[in-house]
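Here the structure is laid out as structure tokens; the discussion comes afterwards.
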Amino acid sequence: SRASTTRSSRTTPTGRSRAQRSKFWVPYYIMLKWFFALLIGVGTGLAAIFINLAVENFSGWKFTLTFAIIQHSYFVGFLVYILLNLALVFSSVYIVTQFAPAAAGSGIPEIKGYLNGVDTHGILLFRTLVGKIFGSIGSVGGGLALGKEGPLVHTGACIASLLGQGGSAKYHLNSRWVQIFESDRDRRDLVTCGCAAGVAAAFRAPVGGVLFALEEVTSWWRSHLMWRVFFTSAVVAVVVRSAMNWCDSGKCGHFGAGGFIIWDISGGQEDYSYQELLPVAIIGVIGGLLGALFNQLTLYITKWRRTYLHKKGKRVQIFEACLISLITSTVSFVLPLLRKCSPCPELETNSGIQCPHPPGTDGNFVNFYCSKDNEYNDLATIFFNSQDDAIRNLFSAKTFHEYSAQSLITFLVMFYSLAVVTFGTAVPAGQFVPGIMIGSTYGRLVGMSVVKFYKKLNVDEGTYALLGAASFLGGSMRMTVSLCVIMVEITNNLQLLPLIMLVLLISKAVGDFFNEGLYEEQARLKGIPLLDSRPKQVMRNMNAKDACKNQKVVCLPRVSRVVDIVSVLQSNKHNGFPIVERGQNGESLVIGLILRSHLLVLLQSKVDFQNTPFPCGPGILNRHNFSDFVKPASSKGKSIDDIHLTDEELGLYLDLAPFLNPSPYIVPEDMSLAKVYNLFRQLGLRHIFVVPRPSRVVGLITRKDLLLEEDGNTATTELQSTSSLPER
């Protein structure tokens, strides 16, 4: 709008019109974008380090204390284990319900909606960031069937948004020196960098983070944005790597090289045979079926939870999370007790694997409720352990016959059920790690069958666990390229790339046959209108007029009475209004579009009210700063109910022409609705005017008409047109 391009002369240099800025402004502005990308990378990396340090140490202390107690009494150890998990989960759900409700869940559907033009209140607040960090520590450290990777994406987005708007004004943690990005597009670019940084920090996968932002969360992508996102992910990788090197010396307690997710299987299966393609395809089909079933079950349970349970208040949400914590702790402690121990297998001397493993430390072959010292409990190795260590054990190479099929099936059924029930509770929850655990379990089962059937092949069970993890994530989240790169980066095995690609393609195709991806289903349940990548087939037989024929267009005259504007804002919830003006022949001409938020700013300021119903002069724009019309990304914005006007003020007039957008996007009424859909999707639009078919052509623009030549003076830029238009 014109208010977006004209600033007050009373503002700081960051608030002046770009046309009035010096020639140094553009390089300074670009430099700041890269500097903020650096800050986002450092901030997200530090947040990830803090979360992982806290989770690993809480989990380590919990298991060390429990193993020390069960040497004397398993019952007392069971009670201590339950109470420790319950305390951590209670702290998480209490923070979320009382302090930061928007921190519940993974946050990825909300961030995806924000980057596609849909604002959700509270998702980028400072308290949401705090609740996400500390809530993730409690929920993951408390042993629930969820992960911290999805919340890390939300954490990175919050850090980016807060940096972009200069901090949090509510908690007096803001500075005007960094309030440079007042454009909504610039802030969304920063949030995109934050999402990629979150994935890069969660998986130590910088390239996977870039592809995740490109494939999953944003629909409007530009080449220069990709460079900044790539730079941010690289910064995160450096920060995380530096922290891990510092922690290798033992300065971080239980946190060491294994704290961040990295399951190195490079020492396992080095090659594969064409005979293995059939079991690999079977893994892909199983992943698609179980992933689609997971999406459907979580959708039904979340609907029931939102309809009946969460409406009863915050105490019910706290009780629900604590009850699930009790069930999870009981299952993970009691089921290994019911499993008989197995004698330690013969291991290679240089394998680096010890059997049984000392109690209270991470590793394979855990001695839990065994009568002999040279025995181990295979179910406790994956159940009574942290999720990262359990996945590392399932992925481990050269550990044949470590798990029995009965134990893996028991774990698969129980953990799958716990993951379905836990998803949707009022705690920060990610689905990456639970999905990897579920997939690696049935993948290892298939690998055991392959080892038995193809006795001559150099087959490793850990390889099939990796393929199973990729297949379940592909069948549930429906990601392909980014997920493929993430799986390669976290396992350090490039040779299995073709097999990972194969299972991802099969699992996604099978899952798409039944329902949509996990994030799309949850976004639709939360009322976030996300647009699919392609329009539906029925839209190709419809035009733009068909989509809006049942709608009543609410227009405002250029000079409107204040009482009429207030009435329009109170009677509907539209976010944009066409502005019309009477032409010379008496027809109504559309002169632009004004946003609801801009009208609220004008009504609240009251400085533009006038007594006469005539257009105002050009000096009206000097009464406002550009920042007055910028909606903070982390605030709900103004409401018409918050504005109070007297009867005298309601009778005044307001000229809307200086504040409207004079050139909104316009389509003819007979344009295919599929083309309109693509415009919304690719340009990130919120409104499009539908007008009658134009009867006159002003000109024709080709690609060559958009090539610019500069002669050294930016004021004398010429268009190199190929059309024969008369010179002005």
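Placed from the backbone N, Cα and C atoms, the Cβ positions cover glycine too.
TrEMBL annotations: computationally assigned, not manually curated.
Some features that TrEMBL has for this protein:
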- 26-54: transmembrane segment (TRANSMEM)
- 74-96: transmembrane segment (TRANSMEM)
- 190-213: transmembrane segment (TRANSMEM)
- 225-244: transmembrane segment (TRANSMEM)
- 277-298: transmembrane segment (TRANSMEM)
- 408-426: transmembrane segment (TRANSMEM)
- 660-716: domain 'CBS' (DOMAIN)
Whether the transmembrane segment (26-54) meets the transmembrane segment (190-213): three or more C-beta pairs under 8 angstroms: yes
The domain 'CBS' (660-716) [mean pLDDT, rounded to integer]: 81
Beyond the flanks of the transmembrane segment (225-244) by 6 or more, those residues with Cβ under 8 Å of it: 33-34, 37-38, 40-42, 44-46, 48-49, 189, 192-194, 196-197, 199-201, 204, 206-207, 209-210, 213-214, 257, 259-260
